[in-house]
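Features reported for this protein in Swiss-Prot:
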type	residues	note
ACT_SITE	HIS176	active site, proton donor/acceptor
ACT_SITE	ASP248	active site, nucleophile
BINDING	ASP62, ARG70, ARG133, LYS163, HIS164	substrate binding site
SITE	ASP174	site 'Important for catalytic activity'
Amino acid sequence: MGPVMLDVASYELDAEDREVLEHPLVGGVILFTRNFHDVAQLRELVRQIRAASHERLVVSVDQEGGRVQRFRDGFTRLPAAQAFAALNSVSEAQRLAEEGGWLMAAEMIAMDIDISFAPVLDIGHQSAAIGERSFHEQPEMALAVAQSFIRGMHSAGMKVTGKHFPGHGAVSADSHKETPRDPRPLAEIRAHDMLIFKALIQSQQLDAIMPAHVIYTEADPHPASGSSYWLKTVLREELGFDGIIFSDDLSMEGAAVMGSYPERAQAALQAGCDMILVCNHREGAISVLDNLSPVKAEQLTRLYHQGSFSRRELLDSPRWKLANQALTSLSERWQAHKNGEK
């Protein structure tokens, strides 16, 4: 299995998709809204992806809830992370977050999807890229809710990816469109943004981490996703993280400062990433596959889902019915809350 995760064009695989997925450097596929028409089509697409490679690829999606939910029709409308604590008592926020993590993961596993890149562990709501995707503006409260969400994901059989290390919440710029710079002192980043990552690593609750395409100017001239300081010195050595490190999508503008697509890929791997995402730019992905040195990434097999239930079994279960009702209600309350603020 190789270290490259990429995307496919549409609702079903075309000839180029199949050829790309057979490449020995490919280890995973990430799905987007453009890959989803309905539940039956999605199930068939995942089957095609499984059949296209000699390896069992890691199939992934961003199904966080709120504004980042790639699959909607036929799936529970999940509330934004901010909604849990914003509209409920602490104990109720934790209860609903655990059900949210479980239900999100279970609905994906029932489609034979291994991971949803969640949860977002960034602190605060001021960043354009993060906003309602963050659990809370206070690190301690964000941690309390995140722990419950993670417990739910794990109970369904899905591995957890915390993002975006060491914290994207304090920069207003959107790394999808530019390379944000965070000028704060390192001591502040460590005491505020990194607190949640440190706590979850110490309690061994994170299976994977995705770093930010943000330059922390007091630490390093490179974005964290291409920084050996952040990934090796801090994450591996100082915090003792031994899970999988993903790059965020190397086609985002935040990664452009790292050079051409092959240069970005090489920089991310050399900095300490185990798997690199190259999405929404097929030409860039192919140039990475053509130019990257052979790399084996067998540790990525740890990311496979552990569920063995069917979608019908899930939808018939009392837990799903109760969770679906509670989370749909919270999602509607959150939408009404936001509309009332405008």
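Each Cβ is built from the backbone N, Cα and C atoms, and glycine gets one as well.
Sequence-distant neighbours of ARG133 (substrate binding site) (same chain, six or more apart, CB under 8 Å from its CB) are GLU64, GLY66, ARG67, VAL68, ALA80, ALA81, GLN82, VAL120, ASP122, listed in sequence order. Looking at LYS163 (substrate binding site) and ASP248 (active site, nucleophile), their Cα atoms lie 9 Å from each other. Here the C-alpha separation of HIS164 (substrate binding site) and ASP248 (active site, nucleophile) works out to 8 Å.
For the pair ASP62 (substrate binding site) and the residue listed as 'active site, nucleophile', the C-alpha distance works out to 12 angstrom. Residues ASP62, ARG70, ARG133, LYS163, HIS164, recorded as contacting substrate, have a largest CA-CA distance of 19 Å. Of the recorded positions ASP62, ASP248, ASP248 has the largest number of other Cβ atoms within 10 Å of its own Cβ.
Here ARG70 (substrate binding site) is positioned 17 angstrom away from ASP248 (active site, nucleophile), judged by their C-alpha atoms. The binding-site residues under consideration are LYS163, HIS164. Their Cβ neighbour counts within 10 Å are lowest for LYS163. Within 10 Å of the C-beta atom of ARG70 (substrate binding site) sit 18 other C-beta atoms, taking all shown protein chains into account.
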